[in-house]
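Notes follow once the structure below has been shown.
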Amino acid sequence: MLREEATKKSKEKEPGMALPQGRLTFRDVAIEFSLEEWKCLNPAQRALYRAVMLENYRNLEFVDSSLKSMMEFSSTRHSITGEVIHTGTLQRHKSHHIGDFCFPEMKKDIHHFEFQWQEVERNGHEAPMTKIKKLTGSTDRSDHRHAGNKPIKDQLGLSFHSHLPELHMFQTKGKISNQLDKSIGASSASESQRISCRLKTHISNKYGKNFLHSSFTQIQEICMREKPCQSNECGKAFNYSSLLRRHHITHSREREYKCDVCGKIFNQKQYIVYHHRCHTGEKTYKCNECGKTFTQMSSLVCHRRLHTGEKPYKCNECGKTFSEKSSLRCHRRLHTGEKPYKCNECGKTFGRNSALVIHKAIHTGEKPYKCNECGKTFSQKSSLQCHHILHTGEKPYKCEECDNVYIRRSHLERHRKIHTGEGSYKCKVCDKVFRSDSYLAEHQRVHTGEKPYKCNKCGRSFSRKSSLQYHHTLHTGEKPYTCNECGKVFSRRENLARHHRLHAGEKPYKCEECDKVFSRRSHLERHRRIHTGEKPYKCKVCDKAFRSDSCLANHTRVHTGEKPYKCNKCAKVFNQKGILAQHQRVHTGEKPYKCNECGKVFNQKASLAKHQRVHTAEKPYKCNECGKAFTGQSTLIHHQAIHGCRETLQM
């Protein structure tokens with residue numbers, strides 16, 4: 001009794017200490033709107049409302065945790081001084097439930113913060129008293145804690161019953177408090193600055209200004225404590241042991257979650273949940289536009305931008321926009337030249353991880369994607385998808401300008417440049433322009449003579465990968481492409497497409513100069529050089545020039561004496577494939593070229609052309625000496641020999 005009276009007198013003597021008791025609830029700092037008022041707010045105002053309300057709730061939780069730390073310290077101090085101090089009661093009241101005054105938009109945010117705060121309290125509850133234990137030597141704070149001070153967890157209702165004079169005494173009296181000021185007072189005040197001005201106003205009006213000047217000073221000093229959890233690897237410190245454990249994963253590369261199916265390991269539970277869907281095939285997120293399903297919500301969000309056309313990610317260098325952030329990151333490497341993904345086998349680097357994975361299949365020879373129709377295997381999933389179209393005949397990519405259809409999107413994009421006139425890739429040697437960088441790279445090998453693709457069987461090298469693939473079929477004899485009309489087989493898809501035009505009589509390529517039509521683009525390009533006189537292919541031995549690379553290749557064999565084409569019947573060899581084909585008709589008796597006038601057949605196309613001049617009376621070969629004309633070149637040569645003999649006789 002004497003001690004209580006002395007305490008009461010000492011309180012009365014100190015000015016500003018006799019403050020009224022009361023409680024502060026979330027309702028006191030909440031800004032309430034009716035449903036009608038809420039509907040009048042625009043999205044920006046609603047977002048601001050949620051941010052302010054959530055900040056006030058955080059501040060009250062901050063005060064709650066800090067006052068508990070003060071009470072624990074007061075109890076510890078009592079073990080040394082012997083004073084009996086009632087630190088007051090701190091409670092949460094269930095009367096102020098979220099649903100009483102909060103809209104559904106706020107519930108989710110506050111519940112989420114409540115869960116995070118519980119995690120913080122559970123993992124780091126010992127931390128606030130760490131510094132005080134060192135000063136007081138106390139080992140058991142729970143023995144001195146008041147039974148009524150344990151907070152009751154509720155969803156939202158937060159109240160404080162505090163005897164403020166005792167709190168003020170806690171601040172001003174005792175050596176331990178001074179030691180605490182010296183050890184912790186130098187820490188940053190940023191945490192207390194986060195308390196909103198509105199919350200300070202409410203507290204000041206309800207309890208008086210001394211509460212802010214006394215209690216919050218101690219709250220600041222206690223909460224801005226040292227970080228007791230330090231990493232032995234790098235020395236980085238954390239407030240809570242859970243954060244330290246998560247940080248250790250970056251050093252040890254440990255993974256907490258392992259897939260039971262494939263053994264892959266992950267450091268977060270949500271990642272393994274996503275990964276499991278790869279095995280189960282579960283796709284829970286569905287697009288309302290096209291019905292396509294996805295395993296992750298983020299994938300669905302990116303997919304929706306295909307329908308809306310939204311491309312929120314913009315390159316600062318060239319202004320190009322993208323629908324995905326990862327696509328922008330990969331695009332930026334084109335400007336920086338960065339290639340962070342390196343092959344361990346050959347040291348080649350790539351700008352994308354997917355490109356590295358595809359490249360590794362070259363070394364391993366792995367082809368995990370198999371066609372169910374013909375059993376052919378592929379190293380890339382996209383290649384298998386394109387291959388499937390060969391069986392179905394589907395061409396899903398259509399040009400809006402001319403209705404041309406294509407198997408691949410890249411082919412369509414390349415075709416569109418014909419309409420736009422775009423030709424951004426220019427050869428520095430001959431100024432020729434191309435629609436893609438791959439075409440330019442292939443063209444430049446004409447000037448450099450580079451042939452990087454080599455056959456493992458015979459050692460022959462090629463400037464194009466497609467040419468090497470075609471050459472391989474000569475060794476294997478494989479001809480996977482069959483004509484449905486006549487059953488003829490081909491080793492290349494392009495050859496089958498060209499062959500189909502023979503049945504259809506289609507000749508889509510037309511010369512603008514003479515209106516002559518062709519079934520192949522290469523034939524049209526070769527024909528155009530007749531009008532322009534261009535002969536870009538030059539022999540390095542005799543400097544003779546030719547209109548096509550095939551003509552140059554045939555001519556080169558004149559110098560080398562090479563005759564790679566052999567007849568299976570008589571073993572006769574030839575330096576040109578066309579001559580071999582003509583020779584083989586001698587054995588087979590085949591005469592595929594027929595005259596429409598008289599029905600006569602020939603085994604060579606040139607023989608048919610010469611015969612048709614008999615019906616047309618055309619004589620295109622003219623002698624420069626006497627002006628006489630002939631139907632065939634051989635006849636002209638024979639005639640010119642007569643003039644030569646006369647000149648010899650005159651001499």
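One-based numbering along the chain as shown.
Glycine is treated like the rest: Cβ placed from N, Cα and C.
Feature annotation from Swiss-Prot assigns domain 'KRAB' to 24-98. Annotated zinc finger per Swiss-Prot: 227-251, 257-279, 285-307, 313-335, 369-391, 397-419, 425-447, 453-475, 537-559, 565-587, 593-615, 621-643 (among others), in sequence order, evidence recorded as sequence analysis.
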> Between 313-335, 397-419, 453-475, 565-587, who has the most Cβ pairs under 8 Å to the zinc finger (537-559)?
Replying inline: 565-587
>> Same chain only, please: residues at least 6 beyond the ends of the zinc finger (565-587) with a C-beta under 8 Å from a C-beta of the stretch. Say none if there are none.
In response: 554, 557-558, 603-604
>> Per DSSP, what is the helix/strand/coil residue tally across the zinc finger (369-391)?
In response: 11 helix, 4 strand, 8 coil
>> Checking distant contacts: for the zinc finger (621-643), what same-chain residues at least six beyond its ends satisfy Cβ-Cβ under 8 A?
In response: 610, 613-614
>> Can you break down the zinc finger (537-559) into helix, strand and coil residue counts using DSSP?
In response: 11 helix, 4 strand, 8 coil
> Counting by DSSP, what is the helix, strand and coil composition of the zinc finger (621-643)?
Replying inline: 11 helix, 4 strand, 8 coil
> Can you name the far-off residues of the same chain, 6+ from the ends of the zinc finger (313-335), with a Cβ under 8 Å from a Cβ of it?
Replying inline: 302, 305-306, 351-352
> Reported in the order helix, strand, coil, what are the DSSP residue counts of the zinc finger (565-587)?
Replying inline: 11 helix, 4 strand, 8 coil
> Any idea what the model's mean pLDDT is for the zinc finger (227-251)?
Replying inline: 72
